[in-house]
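What follows is a short report on a single structure.
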């Protein structure tokens with residue numbers, strides 16, 4: 001599976017794509033675990049190991065794709081009013097992705113250990129011959145070494161065969177790939193940690209600006225309240241002065257009227 005960047009810049013579609021990938025990673029990890037449990041049993045076969053490797057590669061690609069989607073989701077523009085809700089949504093996706101990554105890395109480590117055990121058995125069996133059912137299917141017999149029922153063995157001085165070398169090289173190559181995939185997952189974990197830290201700094205800055213704005217609004221409201229009080233007092237004083245003037249005019253008018261009589 002290859003990464004196809006962008007879903008039209010739609011946060012809802014991008015979040016849905018991320019959630020879908022997380023579910024796939026979780027499902028694939030469970031399938032890988034079931035396959036690992038079949039290794040070393042009668043169900044083991046080269047075909048089964050090939051399917052296991054393909055499933056691991058597919059899941060590893062999913063993790064890289066999801067990491068890019070989450071980065072894209074975090075870089076989408078947003079308004080201050082949407083910021084907190086976007087952060088909650090992103091934190092949820094990051095948490096779910098981290099859980100699925102942890103499970104996948106766990107089964108990857110188990111797969112690497114199984115491959116190392118297989119190589120060790122191949123190396124050991126290269127100098128051991130036993131009463132195996134078919135000489136032509138040596139790989140199947142080596143894989144099922146643990147499930148054999150007490151074969152009669154004797155040590156020989158023969159050198160390691162070309163088939164043994166081929167098996168060892170294939171498994172060692174698989175081990176190197178698994179270890180590289182595990183390192184890739186570690187890098188994704190680091191990316192997720194950085195994204196959470198940066199997102200937290202952005203939110204803290206926005207919250208600080210909002211708090212400062214609220215303080216300024218409160219101060220402005222207090223100033224407006226004081227101005228309104230002052231205006232009411234000024235109007236009251238003006239009304240009293242006018243009333244006094246009116247009373248004074250009435251009194252003067254009465255005095256003049258009395259003198260004229």
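Any Cβ shown, glycine's included, is placed from N, Cα and C.
Residues or ranges marked as coiled coil by Swiss-Prot on the basis of sequence analysis: 47-69.
Residues or ranges marked as domain 't-SNARE coiled-coil homology' by Swiss-Prot on the basis of sequence analysis: 165-227.
The N-acetylserine annotation in Swiss-Prot covers 2.
Taken from Swiss-Prot, the feature phosphothreonine applies to 4 (among others), supported by similarity to another entry.
Residues or ranges marked as phosphoserine by Swiss-Prot: 45 (among others). A coil conformation is recorded for residue 45 (phosphoserine) in the three-state DSSP classification, outside any helix or strand.
Under the heading phosphoserine, Swiss-Prot lists 75 (among others), citing similarity to another entry as support. With a cut-off of 8 Å between CB atoms and residues at least 6 apart in sequence, the same chain places nothing near residue 75 (phosphoserine). Secondary structure from DSSP puts residue 75 (phosphoserine) in a helix.
For residue 79 (phosphothreonine), the count of additional Cβ atoms within 10 Å of its Cβ stands at 7 [all protein chains shown]. Sequence annotations record features per position, and here Swiss-Prot assigns phosphothreonine to 79 (among others).
Residues annotated as phosphoserine in Swiss-Prot: 125 (among others). DSSP classifies residue 125 (phosphoserine) as helix under the three-state reduction. Neighbour count (other Cβ atoms within 10 Å of the Cβ, all protein chains): 19 for residue 125 (phosphoserine).
Residues or ranges marked as phosphoserine by Swiss-Prot: 126 (among others).
The phosphoserine annotation in Swiss-Prot covers 129 (among others), and the record cites similarity to another entry as its basis.
According to Swiss-Prot, the feature phosphoserine maps to 205 (among others).
Per Swiss-Prot, region 'Disordered' is recorded for 129-148.
The average pLDDT the prediction assigns to the topological domain 'Cytoplasmic' (2-238) is 76. Sequence annotations record features per position, and here Swiss-Prot assigns topological domain 'Cytoplasmic' to 2-238 based on sequence analysis.
Marked as transmembrane segment by Swiss-Prot: 239-259.
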- Task: Provide, as an integer number of angstrom, the distance between the C-alpha atoms of residue 45 (phosphoserine) and residue 125 (phosphoserine).
- Result: 17
- Contact set, same chain, for the coiled coil (47-69): CB under 8 Å, 6 or more residues outside the stretch: 1-3, 5, 14, 17-18, 21-22, 24-25, 28-29, 31-32, 35-36, 38-39, 97, 101, 104, 108, 111, 143, 174, 177-178, 181, 184-185, 188, 191-192
